[in-house]
Each structure stands twice: as structure tokens, then as C-alpha cells.
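S.K.: Here it is: the structure, laid out below.
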Amino acid sequence: METTLPSLPPGKADDKFVDELVKLISLIFGIIGVLANGLVLVVILRVRSLWSITNLYIANQSLIDLTSSVFLLILKYLPNEADFSGWSNIFGAFLACYFWESDYIYWALLTCSTLNLILLTMERYIAVVFPIFYRARVRWKNAVPIAALPWIISFTFELFWPAVFRFEDEKCIIDYRNNTIKAIIGVGVFLVKYVIPICIMFFVYWSIWMKIRPQIGASLDGVDNRQPPENGNQRSRIRLNVLKTLFLVSVTYIVCWTPNQIIFFRFHLGWPLDFQSAYYFTSVTLAFCNIWINPFIYAFQYRKFQDGLRRLFTSKINNSRATTVSSIVPLSSQRESLAVHQF
């Protein structure tokens, strides 16, 4: 359930307006997510100056969110409940029930996004608090396999969703077996996807702030004394800009997910939930925002990404102009130019 794709449950489908509004929002957010995260991937892949370990994990975040956006579009525009009555392949029906009808892939992608954000946060923590270790040990050969960990862990962790679904009488139904299992799932997900990530983010950014605060003070003193700028100060400003960007990403995650995670937690402890309530609808809408909002944070806050974006589009415009100019130069002029070069 979590951000459970808010299709109205059976017996409550009388409010078609809410259902259609959710589909419209999902369509808009899904398209924005695909385009925005796709742009981030293109910029990082095409601009060589952005090839860093930090940007590797940012690209991984965009890949996860882009995939989530695609699944959001797919899941919202397929029938809410599959009809298994005509299936001759029972094994295929079981797989479709446990791994598709349960929305297992979508929940795994959302968990993957959370874990990769923690990975991004920890990478900056090690780089700032333990710079010698970071420079000596952190390399591409170990950073790339680590980027795969959020995918592996999330798709393993979310296996509880297929486990609580049951295929019976040609129908796929959710069955927690008892309230104890339901409560354990609620508490476990709330801890793994909300409480623990927030605690890690708070600890990391507090530790980073305590580490860089003296350096910021020293930089300000240098400005007051009209000392000439140095490369070290420039690197510090770049590093601080990266930290501000990732801090905003973390705060955005907390804002987007807090309402829905609280609802999820309370629901699994027995709190009655109205799937058509304004509070639930708002919580789901906020949660969906998290799959497309990060690229806008990069565009408005992350200076290296801004430079990469500008460089990419500038090169495209220059190449287009060069192609246009070369195509309209008279043939005689081209021959004269060629004759001069040959001479």
C-alpha cells in the first residue's frame, strides 16, 4: 500500500471524479518525471566535466526516478484488477498476481530511490569528514558496484508484497493472514523507508556542518581581509554548493513522504483509512512529486549541472549554426577556399 497507487478500492468506486483526477495527475507527473530525469541523464552522460562519483550517484537517482515515472504511467492506465478467468497458464497467473498485481516493482523502485539518496548522503559524508580516506580509497572500480546496491537491496526488501498476496478462485487478493503480520510490515516499512533515512540524513548533515563551519569562517575572514581568491577557496565553494543541493534533495524527500508514510504506518496498526479523503489524496500527490522534482533542484541550485546544461545546449546551437552556414556558402566560394588551402 505505501503510496499505494490511489485507485479507488472495490466498493468505493462511486466517486469517478477523484479517480480521473488521480489519473490526470499521474499522467502529468509521469511525463514530467520521464522528461526531467531523462534530461539529467543526457547532460551527465554528454558533459565529461560532470563525470564524477557524486554525479554517478545523481545519475543513478535520475535513472531510478525515470523508471518509476514510466511505471507510474503504466500502472495508472492499465485495468485496476486483472481478469484471470481466461488464463490457461496457472503458473503465469501466479507470477502476474504476486509480482505485477501487488505493484511489487513500483514499490521496489520507490525504496530504491530512498536507498540511493542515503548512498548519495553517505558519499558526501565520507568525502567531507574523512577526505584523506576518500581520496585514497574511493575509486570508480568500487563506486560503480556500490551504485547497484540500492537496486539489489530494494528488490529484495520489497518481496514481502508478493508474500501477502494470494491467488484464489482465479482472483488475486491481498491477505495479511493476521493483524500481527500487518503491524510488523507497517512498522518495518516505516522504519526502513522513513525513520532510519531521516536519522541518517540528520546525523550526516549535522556532522558535515560541524566539519565545514570553521572552513566557512576562514573563507569569510579571507574575504574581509581582501585576500586574493585561491583555488582552494573555489573548491570549497563548489563542494558547499554540492552539499546545499543534496541537502535540499533530502529535505524535499522528507516533505514529500512524511504525510503518506504516517498514513501507511497508522493504517497497518489498525487505523481506518478513507481512500477518498482529501488528506490521503494530498499525501499521494506529494509522494508522486518526489519522482520528478529533483531535476529542478539540480537546475536551479547545482552550479556544475547548470554549467553542463549550458555547455550541452551551447554546443548543439553552435553545431546547428555551423551546419547552416556551411550549407549556404556558394559552391564557388568553397572552391576558392579549397584552392587557397591547396596552394
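Using N, Cα and C of the backbone, Cβ positions are placed for all residues, glycine too.
Caution: TrEMBL annotation is automatic and unverified by curators.
Just so it is clear, the model here is predicted, and its values are computed rather than measured.
The domain 'G-protein coupled receptors family 1 profile' annotation in TrEMBL covers 36-298. For 24-45, 57-78, 104-122, 143-163, 183-206, 245-267, 279-300, the entry in TrEMBL reads transmembrane segment.
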S.K.: At an 8 Å Cβ cut-off, counting only pairs 6 or more apart in sequence, do the transmembrane segment (279-300) and the transmembrane segment (183-206) clear the bar of 3 or more pairs?
M.R.: no
S.K.: Does the transmembrane segment (245-267) reach the transmembrane segment (57-78), going by 3 or more CB pairs under 8 Å (6 or more apart in sequence)?
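M.R.: Between the transmembrane segment (245-267) and the transmembrane segment (57-78), contact is absent.
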S.K.: What parts of the chain pack near the transmembrane segment (57-78), using Cβ distances under 8 Å and only residues at least 6 beyond its ends?
M.R.: 5, 7, 22-23, 26-27, 29-34, 37-38, 40-41, 44-45, 103, 105-106, 109-110, 112-113, 116-117, 119-120, 123, 143, 147, 150-151, 288, 290-292, 294-295, 298
S.K.: Which listed range (24-45, 104-122, 143-163) shows the maximal number of Cβ pairs under 8 Å with respect to the transmembrane segment (183-206)?
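M.R.: The stretch I would name here is 104-122.
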S.K.: For the transmembrane segment (104-122), could you work out the same-chain residues 6 or more beyond its ends whose Cβ comes under 8 Å from its Cβ atoms?
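M.R.: Apart from its flanks, the transmembrane segment (104-122) reaches 2-3, 5, 54, 57-58, 60-61, 64-65, 67-68, 71-72, 75, 98, 146-147, 149-151, 153-155, 157-159, 161-162, 192-193, 197, 200-201, 204-205, 246, 249-250, 253, 290-291.
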